[in-house]
Amino acid sequence: MIAFSSLANPAVFLRLTQRVLPWLGAASALLSGLGLYLVFFVSPADYQQGETVKIMYIHVPAAWLAMFAYMVMTSASLGVLVWRHPLADAAQKTAATLGAAFTFICLVTGSLWGKPMWGTYWVWDARLTSMLILFLLYLGLIALRQTMEDSPRGARIAAIMTLVGFVDIPIIKFSVDWWNTLHQPASVLRAGGPTIAAAMLWPLLIMALGATALFLALHLMAIRNEILRRRVARLTLQAAAAGEEGGAAELLEPAQ
Amino acid sequence: MTDEHWGYILLAYGVTAATVLVLLARILLENRRLSAELARLEKTAGAREETL
């Protein structure tokens with residue numbers, strides 16, 4: 001616990017991430033490059049969907065990351081509420097933009113996959129609707145953070161709102177089991193094991209790992225930016241206060 | 001699968017690449033701006049401490 005809390009020190013975090021980020025970036029580039037090669041030159045066309053199945057290799061990792069980002073935000077929110085740690089607040093705040101971006105990718109690629117396969121870009125079924133709600137949740141949380149100053153109270157309100165929104169995550173996951181949906185049921189993360197052919201599963205898992213490394217790299221970079229932004233804000237306030245004191249001294253000088 | 005569906009595939013990959021690039025560029029540009037601003041403020045704070 002002591003080691004964990006020392007890692008959560010912003011200065012230690014900045015030093016540690018400086019070393020980790022190149023490795024994460026390289027892992028993301030290598031895995032995504034290998035994954036794209038497998039997708040476009042090795043993996044077979046689906047017997048029903050043909051080449052359109054290639055959209056799956058970006059749609060599914062984006063969907064996983066959209067939910068993963070929210071789980072990161074939920075964990076960070078617990079860190080804010082229980083330990084009141086500023087780094088947890090920075091992690092919670094910065095994950096929202098990334099989560100929104102990956103949810104956007106999931107919705108757009110799903111729509112582009114749906115048109116040739118279902119004959120429509122959009123249908124109000126449970127999976128699609130709950131994913132759209134997740135996107136709106138992200139936008140709402142981003143807007144909420146922008147309207148509030150960096151105060152402990154603001155961080156706690158955002159953390160509570162994030163915890164309330166977590167109810168959408170199991171709904172997304174189990175929507176295809178609980179309701180009759182046009183969206184297919186889970187074929188990778190399911191109780192009986194994956195039902196997808198190995199020739200498609202491996203490229204999908206490699207693309208997912210590459211996307212996860214990318215997400216982690218972007219998140220660490222965004223947290224670093226948030227730490228820098230708070231330092232800039234603090235120094236600006238100090239400079240303004242010193243300027244006011246200096247100004248007050250100058251005003252007093254003639255009288256002295 | 002007919003060729004017309006390649007348009008959907010390429011558009012999906014294009015939107016994904018564009019979104020990731022925008023995210024990356026936004027973060028990198030913000031980092032550059034904040035680093036420059038922090039260096040300027042630290043320099044000013046240092047000069048002020050020397051004056052005092």
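Just so you know, glycine gets a Cβ as well, placed from its N, Cα and C.
All TrEMBL annotations are machine predictions without curation.
A quick note: this is a predicted structure, and the numbers were derived from the prediction, not measured.
The predicted model assigns the domain 'Cytochrome c assembly protein' (A:18-183) a mean pLDDT of 93. Annotated domain 'Cytochrome c assembly protein' per TrEMBL: A:18-183, in sequence order.
A Cβ distance under 8 Å defines the sequence-distant neighbours of the transmembrane segment (A:20-42), meaning residues of its chain 6+ beyond its ends; these are 54, 57, 199, 202-203, 206-207, 209-211, 213-214, 216-217, 220-221. If you look up TrEMBL, you'll see A:20-42 (among others) marked as transmembrane segment.
Marked as transmembrane segment by TrEMBL: A:62-83 (among others).
The list of residues near the transmembrane segment (A:95-114) in space but at least 6 beyond its ends in sequence, with Cβ under 8 angstroms from a Cβ of it, reads 52, 55-56, 58-59, 62-63, 65-66, 69-70, 72-73, 76, 120-123, 128, 131-132, 134-135, 138-139, 141-142, 145, 211, 215, 218-219, 222. The feature transmembrane segment is assigned by TrEMBL to A:95-114 (among others).
If you look up TrEMBL, you'll see A:126-144 (among others) marked as transmembrane segment.
When Cβ-Cβ distances below 8 Å are used as the criterion, the transmembrane segment (A:156-176) is approached by residues 67, 70-71, 73-74, 76-78, 80-81, 89, 92-93, 126-127, 130-131, 133-134, 137, 140-141, 144-145, 148, 183-186 of the same chain, each at least six residues removed from its ends. Annotated transmembrane segment per TrEMBL: A:156-176 (among others), in sequence order.
Listed as Cβ neighbours of the transmembrane segment (A:196-221) (distance under 8 Å, sequence separation of 6 or more from its ends, same chain) are residues 17, 20-21, 24-25, 27-36, 38-39, 42-44, 46, 53, 56-58, 60-62, 64-65, 68-69, 72, 91, 94-95, 98, 102, 187-188. Look at TrEMBL and you will find A:196-221 (among others) tagged as transmembrane segment.
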Determine which residues of the chain contact the transmembrane segment (A:126-144) at the Cβ level, with the cut-off under 8 Å and only residues 6 or more beyond its ends counted.
63, 66-67, 70, 73, 96-97, 99-100, 103-104, 106-107, 110, 157-158, 161-162, 165, 168-169, 171-172, 175-176, 178-179, 181-183
